[in-house]
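Working notes for the structure below.
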Amino acid sequence: MDNVTIVRNKLRIRNDLMRCILSEFTSTAFFVFAGTSTNAVNLLEGANCKICVVLGWALAIGLGAYAAGHLSGGHMNPAISFAFYLCGHISVFRFIMYSIAQISGAFAGSLVTFFLYYDGINHFDGGERQIIGSRATIGIFVPWPQDYMSISGCIFDQFVGTALLAFCVIMFTDPRNKIPPAVQPVVLIFSIILIAVCVTANAGGEINPARDLGPKLVAFTVGYGWDVFSYRNYKWFLIPIFVPFAGAAFGAWFYHLSLGIHISDDKDHCKTDDRMEMNEVSRVTIGKSRIAIAK
């Protein structure tokens with residue numbers, strides 16, 4: 001018996017909910033760490049390479065989904081968990097517990113990024129944590145909306161981005177579309193790339209309350225101050241936390257009402273095939289009867 005099997009037999013969590021909570025925590029911590037570290041490399045090295053950031057985040061989310069897919073589904077996003085709850089796939093209690101795990105994981109992942117690039121951040125900003133200005137490093141952890149963005153524009157931006165994400169996720173996880181589970185994270189990667197290149201210009205494409213709140217709590221803890229919450233009189237702070245839930249609900253049900261419920265399942269196909277076969281038999285039988293009568 002190998003060592004992994006021995007440890008598994010002794011330490012494996014038997015409770016399904018606890019396994020899923022750990023799964024959501026770990027996968028969210030992984031993707032937020034990888035994503036914020038991508039931001040750090042891009043900023044601290046002065047690369048200004050948007051495609052590098054897009055690919056970094058997309059791969060981080062896709063690999064996180066691979067890691068957690070067979071346990072909790074790899075939601076890594078309270079808004080997506082909310083969409084699955086509205087579709088009847090998880091209970092409200094499980095949605096709440098997943099959300100707590102995801103926010104905690106996002107906090108842990110971004111905290112690791114801060115310590116990993118602590119010296120680099122100090123070298124860049126001189127040890128003074130800044131939110132605005134040429135030496136601002138808050139962008140490593142959370143994006144800010146463009147100065148020209150209105151509050152209503154920010155709300156619509158978050159709504160549309162999360163709706164698009166939920167539409168894609170519910171689409172490729174719908175059993176009727178018959179996309180193998182092993183392929184779904186790959187589809188997710190392409191979905192994230194699509195979203196990143198078309199809805200990030202306004203406010204950075206947060207579309208994930210955990211990815212927003214967890215790193216903001218880290219930023220507050222490590223010295224960026226209360227401004228991470230009070231920016232624009234607290235109005236921006238609330239938008240990426242609450243609006244994605246509405247966007248996810250719309251995106252999930254827009255998919256179902258426009259496409260999902262109209263896809264035939266296997267039973268429908270079987271019934272259709274049976275009817276076609278019976279009709280063919282009937283036509284053959286009638287044809288033979290007519291020939292016999294003619295004779």
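In case you wondered, yes, glycine gets a Cβ from its N, Cα and C as well.
What TrEMBL says about this protein:
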- 21-41: transmembrane segment (TRANSMEM)
- 53-74: transmembrane segment (TRANSMEM)
- 95-118: transmembrane segment (TRANSMEM)
- 148-173: transmembrane segment (TRANSMEM)
- 185-205: transmembrane segment (TRANSMEM)
- 236-255: transmembrane segment (TRANSMEM)
Exercise for the section: Please check if the transmembrane segment (53-74) comes into contact with the transmembrane segment (236-255), where contact means 3 or more CB pairs closer than 8 Å and the residues in each pair are separated by 6 or more positions. Expected result: no
Completion exercise
Of the listed stretches 21-41, 95-118, 185-205, 236-255, the one with the highest count of C-beta pairs below 8 angstroms to the transmembrane segment (148-173) is 236-255
